[in-house]
Amino acid sequence: MKKIIFLVLFLIFIFKDIKSSYGVDLVNFKMITLLSNNFNDLGFNNMLNQGKVNVEKQLGITDTKVYIVDGYNDTKALLLPMVQNEDVDFVMCTSLGHVEACKEIAKMYEGSLTIKTQFMVRGSSNATSNLLQVTYNYASINYISGVFAGLYTKTNKIGFLSPGLLGGSADCFVYAYWLGAKQINPKIEFYYYNIGAFLNSDKTTRATAELLDMGCDVIGDTLDDFSAGNTVISRGFKALGTNGFPQREVYGENVVFSYSYNWTKIFLPIVKNALVKGKPKNNYADFNIDPTLNFYDISYGFDVPQDTKTKINDTISYLKSTPRAIHPTNCNDLMLKYAEKWNLTMSTTYDRTKCIAGSNFFFINEPFPGMTYFGYYNITNTQVKFSPSIQIGVSIVSGVLIAIVLLSMVGVYKYRASSSIRSASPIFLIFILFGALIVFGGIILWVSELNDHVCNGRLWMVTLGFSTLIGSLVVKNFRIWLIFDNPELKTVKITNYQLYPWVACCLVINIILMSILTSLGDLREVDATGIDSLGKYEFLKICKMNNSGASVLYTILAYFGALLLTGVFVSWKIRIVDIEEFNESRAIAHTLYAISFCLFVIVPLMISPLEKQSETIILSVAGLFITTAAVLIIFLPKFYRVYEYGEEGTNEMFKSKKSSNIATARAESHKSSNSGNHRTNRRGNLVSGDFTDDSESSVIEPNQEVADVTSGAVLADFTEESVSEIDENEKNHNDEIELPEINQSEQQNSEIEQPPPPPPPQQIEPDEKNQD
């Protein structure tokens, strides 16, 4: 028990001793450190953090925090609430980006009785009651780095990277590097870029690569990280470690020269003074004759000649023993002309013909004669283009299909007199082919280099093409339905001129919707970044529209869906047509089914996230497949029959008198329900010679007598071309109708006298033969 009491008393004594040594309760001493970037950067921030950690260890400070922040607004927003509410004793603002915000907060509470926080910032202005400033001679170490570069280069071409004014640092330090190299090696050529920030690894890497491509074999920088050095090493050169971190400890002999900052020597006396609430004192760091105060530690590679080391060490000794105001960077033969050109002030204390005023050194920003300045480095985004092989392949296939469609048009025109072509109406076949032609052209645009016109044009072409193709198919199907869904066999006039408005209506709807999309949708080409698998500096040209345009596009898709569903429904209604001659209805149905199936596959794919190139490939291939399938299904059987049976249609199906079971059944059913009003068919077997392009599909007047529904009658109804010659006779021969040839018995049974005053209807007894 006595031992425990003794141990407690001993600890209390030690604690009191610590408190009395520094005059402050270390347990309650709170310190905050602000860094501009992560301290794992193997550069400037790493060394700052290392100095902070060493101070904490030596002084026994435990309540410390590190925050990564940069810029005035962010720094103030972070720091001010902590100073107001957390009783912070000391704040180290280590970056130039912290200076303004930290100065402003310090001024707000200068002389405050409640907030005793002291601030450390970068700079050389006068200290205040709660603010001190720290600076180090960055020009001298860059001058030494330049001396090494001038001695070590083999190509006499050296380069440099700096943040520039936009990054918060004038190029006076670039000048110091160049001057050291030029004075030791007058033959050197010097090239440099501004990066625009202390930390931008992407720009640094690319700018370094360009300097290497120019022939530079030694490259220095005043940036925070080691991106430049990594690029140099990756290209097989030796790197310089010029960002304050001992790079040779990490990269070994790949780094031929490096210097490091010893921030512990700067921070330790400053924090000690803050512990005792002493008056803030500024601090200055540089090469120093006293090793305990020397801020820079230099390390060389094994292959550096001793003569080079000797020259550098002699230069460092000169800098240590010479006032900063007359260092070579401030006083030289080039300075007077430069100062006169850029309105800088020369020194009033030292040689006015060579020495610039100390404060004016930091206004040196423009290049001296002999310095080649390339400006701020900008990364040009690289366009990722659509796969050339896919683009060429789709274009070639589309071109071949266009040629096939054109040949098909020629074939339709050439064989328009053949029964196979005439039975399907050549003009509608041309419509279908023309729609396919437009679609194939749109597919070529779909995989072409994008611009605003292509974005709009390809959508116009594809939608108009499909409207023409599908609209013609649906209208033809609708005609079939009207003809076969006619149990009373009444007169049904369906001429081509009656069908044209329906096709035109499909196109008009499409044009209206596309016009709305074009005017309101803002459909245009944009350079998209950050999509798919694009790199940070890559872009892809895509077509983009606003929400209004997307809504109209969905409306267009819904319109096509309704058009297809109508076609599918009508095709289903005529599925029971059993006459082989009219199997085009099934072909049209198959086409619509194929299109519907493809669309139901495509739409979910389009809704789900896809890479733009994959989306383009799917849409292009689907468009080619749908259109090609439609053309083949409709036209291949027709041209085969032309090839097989000749232009005159020798196939017996156009001459046989085959009855339609469906139509006959409907006629007989209607006959049984209308006894006493029996009809006979007066049209007989109409041959294909009666067909023209302006047909009137019809059945005889309802009050005439009919005997049977034959294939000839149905064929006449379907082909659109059966009685246009009769129409012409009605127009040109004073309403005389030349009826088709019928048999003698039907003629005798159908004669009706027509005296001037019409007598009561004469009852005609039909032949037994026609009773069946």
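Each residue, glycine too, has its Cβ placed from N, Cα and C.
Per Swiss-Prot, the feature compositional bias 'Acidic residues' maps to 718-728. Under the heading compositional bias 'Low complexity', Swiss-Prot lists 740-753. Annotated compositional bias 'Pro residues' per Swiss-Prot: 754-763, in sequence order. Taken from Swiss-Prot, the feature N-linked glycosylation site applies to ASN73, ASN126, ASN262, ASN313, ASN343, ASN378, ASN546, supported by sequence analysis. Under the heading region 'Disordered', Swiss-Prot lists 664-772. Here Swiss-Prot flags 1-23 as signal peptide, drawing on sequence analysis. Per Swiss-Prot, the feature topological domain 'Extracellular' maps to 24-391, 448-463, 522-551, 608-616. If you look up Swiss-Prot, you'll see 413-426, 485-500, 573-586, 638-772 marked as topological domain 'Cytoplasmic', on the strength of sequence analysis. Under the heading transmembrane segment, Swiss-Prot lists 392-412, 427-447, 464-484, 501-521, 552-572, 587-607, 617-637, citing sequence analysis as support.
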Taking 3+ C-beta pairs under 8 angstroms (sequence gap of 6 or more) as contact, is the transmembrane segment (617-637) in contact with the transmembrane segment (392-412)?
yes
Return the single residue from the glycosylation sites list (ASN73, ASN262) that has the minimum number of other CB atoms within 10 Å.
ASN73
Can you grab the distance from ASN262 (N-linked glycosylation site) over to ASN343 (N-linked glycosylation site)? Cα atoms, rounded to a whole Å.
36
If one takes Cβ-Cβ under 8 Å and requires six or more residues beyond its ends, the residues near the transmembrane segment (552-572) are 463, 466-467, 470-471, 473-474, 477-478, 480-481, 506, 509-510, 513-514, 516-517, 520-521, 545, 585-586, 588-589, 592-593, 595-596, 599, 603
Let me know the model's mean pLDDT on the topological domain 'Extracellular' (448-463).
93
How many Å separate the Cα atoms of ASN343 (N-linked glycosylation site) and ASN313 (N-linked glycosylation site)?
35
When neighbour density is defined as the number of other C-beta atoms within 10 angstroms of a residue's C-beta, which of the glycosylation sites ASN126, ASN546 has the lowest density?
ASN126
When DSSP is mapped onto helix/strand/coil, what comes out for ASN313 (N-linked glycosylation site)?
helix
Cα-Cα, ASN126 (N-linked glycosylation site) versus ASN378 (N-linked glycosylation site), nearest Å, comes out at 38
Across all chains shown, how many C-beta atoms besides its own are within 10 angstroms of the C-beta of ASN313 (N-linked glycosylation site)?
12
Check the Cα-Cα distances from ASN546 (N-linked glycosylation site) to the glycosylation sites ASN73, ASN313, ASN378 and tell me which is shortest.
ASN378
Most Cβ neighbours within 10 Å, among the glycosylation sites ASN343, ASN378, goes to ASN378
Within-chain partners of the transmembrane segment (427-447) [C-beta distance under 8 Å, separation at least 6 from its ends]
386, 390-391, 394-395, 398-399, 401-402, 405-406, 408-409, 412-413, 421, 454, 457-462, 464-473, 475-476, 496, 499, 503, 616, 619-620, 623-624, 627-628, 630-631, 634-635, 638, 693
